[in-house]
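Read the structure below first, then the notes.
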Amino acid sequence: MTKNPSSDATLPKGIHRSWKLPDKSLGDLWDSIVMDEAIKKQLLSQAIVNFTVRPKVERTVLPLHGVILLVGPPGTGKTSLARGLAHRVAESFSSAKFRLLEVEPHTLTSSAMGKTQRAVADLFSQSIAESAAAGPTIVLLDEVETLAADRAKLSLEANPVDVHRATDAVLVQLDMLAERNPHLLFVATSNFPQAVDSAFLSRCDMVMEVPLPGKDACKQILVDCLNGLAKTFPGIGKLSSAHQFDVCAGECVGLDGRAIRKVVANALAADPQVAIDPNKLSVEHLRSAIRQAKQMRLQGGKQK
C-alpha cells in the first residue's frame, strides 16, 4: 500500500511531503479551523476558479498566476487551512487525480554563493513542473517570506546577494509556470506579510487574512477541545454548560486557536490532582490558565 503522505528521502530536495488527493485527514483539518464560513467559501471558490477558468482564458484577459497568499498571526491555522483547502479542491473534481506538494523552504537556503538560487530554480522548473505536467497540482509554500524576501528592505551588507537572487528566481519561475502550467496552484502562507517582496504580492490572485478568532469562535474552539477530551474523561464534558463558561470563553479573545487549545492543556497541568484525574478540571482552572497565557503574550509583546 502506498503511504499518504510520502515523506521520505526519495522526495526531491525542497519537497517535504507529497499527498495524493483527496485525503480525509486533510479534510478534517479544514473542518477544525474555526472561522467565518463566508471567508472559507471565498477561499475555496478562488482556488476552484484556478482550475476551471484559468486554463480556458487568456492571461491578457485575466492575469491569473495561480497564487493564493494566506497571512495572519502565528497559530491562526494558516497551514492547516491550506492543507484542508487542497483536499476540498480535489474533492470538487472527482474525476481528476490531484496532488499536494509541501515545500520546506529552509532546506533550499545555503550560505554558499548561488546555491540558494539554483536550488529554488531546480525545485520550481523540475520537481514542481513535472508534477504539474502529470496532473493537477497544489503546492504549499509555508513561510513564503523565506523564499521571497522583500528586496527593498534587505541590506546587501547584512544579507548575501544570494537572498536577492533567490527572490528573483522565485518570481521568474512563477511567471514561467503560470504561462505553461494552468493546472497548478500555489498556496503560500506568511506570519510577516510586510517581509514578503512586493513583486510576489503583485502576482498573488488573492491575499486573504486569517484573523484571530472572535468571541463566538473562541467559544467554539474551546467547546470542541473540551468535547474531544470528554470522550476519554467524561467529567470534562459538563464544563461547556457550567456557570461562568461563557465568561471563560470571552476571556480567550486575543489568543489564537492553537493557544486556546494549549490553554486547556496548561489547565490540566495546573494542579497535581487534576493532572492525576482530568475529570476534576474546572472552569476556574481554565480561567487561570487563560489569564496566564495572556499575561505571557503581553510580556512577549513588550520585549519586542
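Every residue, even glycine, has its Cβ placed from backbone N, Cα and C.
Annotated features in Swiss-Prot:
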type: BINDING; residues: G75, T76, G77, K78, T79, S80; note: ATP binding site
Among the binding-site residues G75, G77, point out the residue whose Cβ has the most other Cβ atoms within 10 Å, with all shown protein chains included in the count. G77
Secondary structure at G75 (ATP binding site), reduced by DSSP to three states: coil
For T76 (ATP binding site), nearby residues of its own chain (Cβ under 8 Å, 6 or more apart in sequence): V210, P211, L212, P213, D256, G257, R258
T79 (ATP binding site) has how many other Cβ neighbours within 10 Å of its own Cβ? 17
Take the mean position of the Cβ atoms of G75, T76, G77, K78, T79, S80, the recorded ATP site. Which other residues of that chain put their Cβ within 8 Å of it? I33, G72, P74, L81, T189, V210, D256, G257, R258
For S80 (ATP binding site), write down the residues of its own chain that are at least 6 apart in sequence and whose Cβ falls under 8 Å from its Cβ; none is a fine answer. L29, W30, S32, I33
Would you count the other CB atoms within 10 A of the CB of K78 (ATP binding site), including those on all shown protein chains? 26
